[in-house]
Amino acid sequence: MEMVRLSKLMFTFCIAVLIPTIRGNISELDEYWSQRADEAREFTLQAYHSDPYEIVDHFHERHYDNSTDVTTPEEDGDAKPEEEEKEFIEMLGSSTNSTRRSLRGKGKGKWSKLKGPCTASNPIDKCWRCRSDWAKRRKKLTRCVRGFGHRTTGGKRGRIYVVTSNLDEDMVNPKPGTLRHAVIQKEPLWIIFKNDMSIRLNQELLINSHKTIDARGANVHVAHGAGITMQFVKNVIIHGLHIHHISESSGGMIRDSVDHFGMRTRADGDGLSIYGSSNIWLDHISMSKCQDGLIDAIVGSTGITISNSHFTHHNDVMLLGAQNTNEADKHMQVTVAYNHFGKGLVQRMPRIRWGFVHVVNNDYTHWELYAIGGSQGPTILSHGNRFIAPPHKPHYREVTKRDYASEDEWKHWNWRSDKDVFMNGAYFRQSGNPQYKCAHTRQQMIKPKNGLAVSKLTKYAGALDCRVGRRC
């Protein structure tokens with residue numbers, strides 16, 4: 001108990017020192033932003049788990065709830081424990097060694113040619129995808145999140161807000177019906193889209209707390225403009241967006257709340273930027289071709305799950321912790337699960353400083369330099385992933401890359417691999433305690449599927465073509 005108190009005290013000190021000195025894209029840290037930063041510090045402390053292994057267990061826990069508004073195992077197709085071995089064998093039945101993905105077309109009709117019963121194959125998707133009435137039960141999605149973001153509820157307690165316009169013309173007084181007008185509201189909101197649309201953001205989109213952006217039922221692209229920022233906020237869900245061709249923006253006067261706007265400096269061109277924020281869930285997102293990173297989570301952000309997403313054509317994919325001197329990221333906790341890291345990716349899938357990251361059942365079919373990297377002694381648990389090394393680059397077959405440390409230092413970092421599958425000569429250089437075992441109980445833990453199964457587990461990664469009245 002004393003160690004836990006000491007850990008939280010040190011974390012509070014790190015955050016207190018850090019927040020006044022790092023402003024992100026805020027031109028002037030006025031009273032409003034100072035208050036937001038103070039609140040973010042408290043949110044981060046609340047979201048931080050002193051025993052992260054408990055959340056690793058929670059990720060694999062099956063939730064059976066007898067309440068009337070929860071999908072039962074029979075409804076969502078969840079296998080009973082005695083059926084798991086049979087299910088796993090069936091999952092291995094078709095081309096597990098293939099690196100090709102059968103996407104059956106592009107864009108609007110991506111999944112329309114799929115025939116037969118719904119085949120949601122991972123626990124998050126099983127929770128909701130195979131129900132034809134999902135549109136009437138949108139907010140039940142919050143029951144499906146797992147991992148470190150498991151407390152995230154987004155706009156569950158708010159009303160539905162329908163985005164009717166793709167325009168983004170006024171940064172200070174956005175028009176009702178636009179995405180920018182929706183995300184700056186102070187109240188919880190569940191944001192959906194009236195129809196298919198492509199939104200070109202003229203400046204970074206600043207999301208307020210307690211929001212869900214739910215693109216199910218429409219084909220929504222945020223593209224060819226600025227990216228999306230979550231700064232000093234909590235409790236945000238982003239689901240089903242296509243985010244691509246994001247470029248840097250010049251900054252200027254931008255409204256971030258109904259009662260505040262201020263001067264923002266240049267934004268680097270990240271697709272999704274999580275800055276000093278907590279309880280964030282990113283699910284079923286398709287991302288590519290952003291000027292800087294696809295996803296950045298920095299400055300003490302924690303309680304994050306990134307799941308079921310598809311990443312392609314990018315250099316610096318995912319950065320978790322941006323500075324070697326920023327000890328506020330020491331308690332960053334992130335789950336990366338059921339994602340497909342696909343064509344045209346180079347590195348950082350993810351790249352971690354300081355934090356604790358659970359990388360589970362992801363499919364790494366392409367990289368150019370390395371897949372998972374880090375510095376400053378992060379803890380990385382790699383469970384049940386498939387790593388396929390680049391066939392044309394024999395010198396880049398190592399999955400891992402350690403920076404800014406000699407072997408005498410990094411050999412103590414706890415980077416462990418279990419149930420991973422390696423192809424084309426790929427290998428994971430482990431470090432830390434070779435006898436390390438994550439504490440699992442039968443009540444809490446379902447072990448990760450073997451890496452051979454990830455082609456099935458990640459088959460529907462990325463934004464889905466969900467249509468009202470039909471299964472996704």
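Our numbering is plain: 1 for the first residue shown, then up by one each step along the chain.
Using the three backbone atoms N, Cα and C, a Cβ is placed for every residue, glycine included.
As given in Swiss-Prot:
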type: ACT_SITE; residues: Arg348; note: active site
type: BINDING; residues: Asp268, Asp292, Asp296; note: Ca(2+) binding site
type: COMPBIAS; residues: 72-83; note: compositional bias 'Acidic residues'
type: CARBOHYD; residues: Asn25; note: N-linked glycosylation site
type: CARBOHYD; residues: Asn66; note: N-linked glycosylation site
type: CARBOHYD; residues: Asn97; note: N-linked glycosylation site
type: REGION; residues: 64-83; note: region 'Disordered'
type: SIGNAL; residues: 1-24; note: signal peptide
Around the recorded Ca(2+) site (Asp268, Asp292, Asp296), other residues with Cβ within 8 Å of the Cβ centre, ordered by sequence, are Gly227, Ala267, Gly269, Asp270, Ser273, Cys290, Gln291, Gly293, Asp316, Leu319
A correct count of other C-beta atoms within 10 Å of the C-beta of Asp268 (Ca(2+) binding site) gives 17
In the three-state DSSP scheme, Asp296 (Ca(2+) binding site) belongs to strand
Rounded Cα distance, in Å, between Asp292 (Ca(2+) binding site) and Arg348 (active site) is 12
Same-chain residues at least 6 positions away from Arg348 (active site) with a Cβ under 8 Å from its Cβ, in sequence order, are Gly293, Asn315, Asp316, Val317, Met318, Leu319, Gly373
Should one count Cβ atoms within 10 Å of each candidate's Cβ, the binding-site residues Asp292, Asp296 would be headed by Asp296
Mapped onto three states, the DSSP assignment of Arg348 (active site) reads coil
